[in-house]
Amino acid sequence: MSIKYVATSKLPTPWGVFAMHGFEDTETGKEHVALTFGELDASQPILGRIHSECLTGDALFSLRCDCGFQLQTAMQNIAEAGQGFILYLRQEGRGIGLLNKIRAYELQDQGANTVEANERLGFAADMRKYDMIKPMLEKIGVQQVKLMTNNPRKVKAMKELGIAVIERVPLQVGKNRYNEAYLKTKSTELGHMMSEYHFTEEHQD
């Protein structure tokens with residue numbers, strides 16, 4: 001994989017001003033983004049998140065998943081910590097793309113869970129890859145990570161790439177009546193590390 005750094009700009013947000021670093025995968029044409037906040041100290045573990053694109057959750061406020069809640073909470077946590085990063089990867093629908101994700105949602109509306117829907121469409125439960133993150137982290141100067149995730153695959157992928165994951169920080173937010181079954185499937189079938197105690201319930205109406 002060939003990751004090319006393109007440019008950096010300021011990104012004002014409700015939680016403060018982040019820096020937005022653009023990257024291009026010259027093999028696939030996909031465009032990825034790294035957000036950084038504060039002055040990153042490479043000698044210290046940096047709070048961060050690896051976030052896969054979710055148009056429906058991140059931009060359209062969908063309650064079918066917890067993605068948008070996780071992204072906003074991660075940005076808020078980073079701002080409160082004074083430094084941190086988010087890698088925003090263009091891997092919509094756990095890697096199957098937006099239109100296939102809508103097809104999967106259609107199957108879920110008919111009773112399939114998130115894993116069954118992917119498999120009925122001929123995909124694995126999770127098609128994402130993470131090899132692009134190492135050159136992105138190298139560019140922004142991150143060597144050690146306190147990773148905000150519930151997904152053990154992300155921790156494993158980072159360690160296999162030689163990135164030191166010093167701590168896993170649970171990020172369990174956004175549970176509501178529309179995504180309860182989805183979150184249960186992520187826990188029981190995809191191995192996401194979740195506990196009922198940590199859930200923050202929102203938008204119950």
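Positions of Cβ are set from backbone N, Cα and C atoms, glycine also.
The active site, proton acceptor annotation in Swiss-Prot covers Asp126. Of all Cβ atoms in the protein chains displayed, 19 besides its own lie within 10 Å of the Cβ of Asp126 (active site, proton acceptor).
The number of other CB atoms found within 10 A of the CB of Arg128 (active site, nucleophile), across every protein chain shown, is 18. Following the DSSP three-state reduction, the secondary structure of Arg128 (active site, nucleophile) is coil. According to Swiss-Prot, the feature active site, nucleophile maps to Arg128.
Taken from Swiss-Prot, the feature GTP binding site covers Arg49, Ile50, His51, Ser52, Glu53, Gln70, Glu92, Gly93, Arg94, Thr114, Thr149, Lys154. The Cβ of Arg94 (GTP binding site) lies under 8 Å from the Cβ of Ser52, Asn118, Ala125, Asp126, Met127, Arg128, each of these being in the same chain and 6 or more residues away along the sequence.
For the recorded site, Cys54 (Zn(2+) binding site), the DSSP three-state label reads coil. Per Swiss-Prot, the feature Zn(2+) binding site maps to Cys54, Cys65, Cys67.
Within 8 A of the CB centroid of the Zn(2+) site residues Cys54, Cys65, Cys67, the other residues of that chain are Thr56, Gly57, Asp58, Ser62, Arg64, Asp66, Gly68, Gln70. Counting only the Cα atoms, the space from Cys54 (Zn(2+) binding site) to Thr149 (GTP binding site) is about 15 angstrom. Glu92 (GTP binding site) sits 11 Å from Cys67 (Zn(2+) binding site), taking the Cα positions as reference. If you measure from the Cα atom of Thr149 (GTP binding site) to that of Cys65 (Zn(2+) binding site), you get 15 Å.
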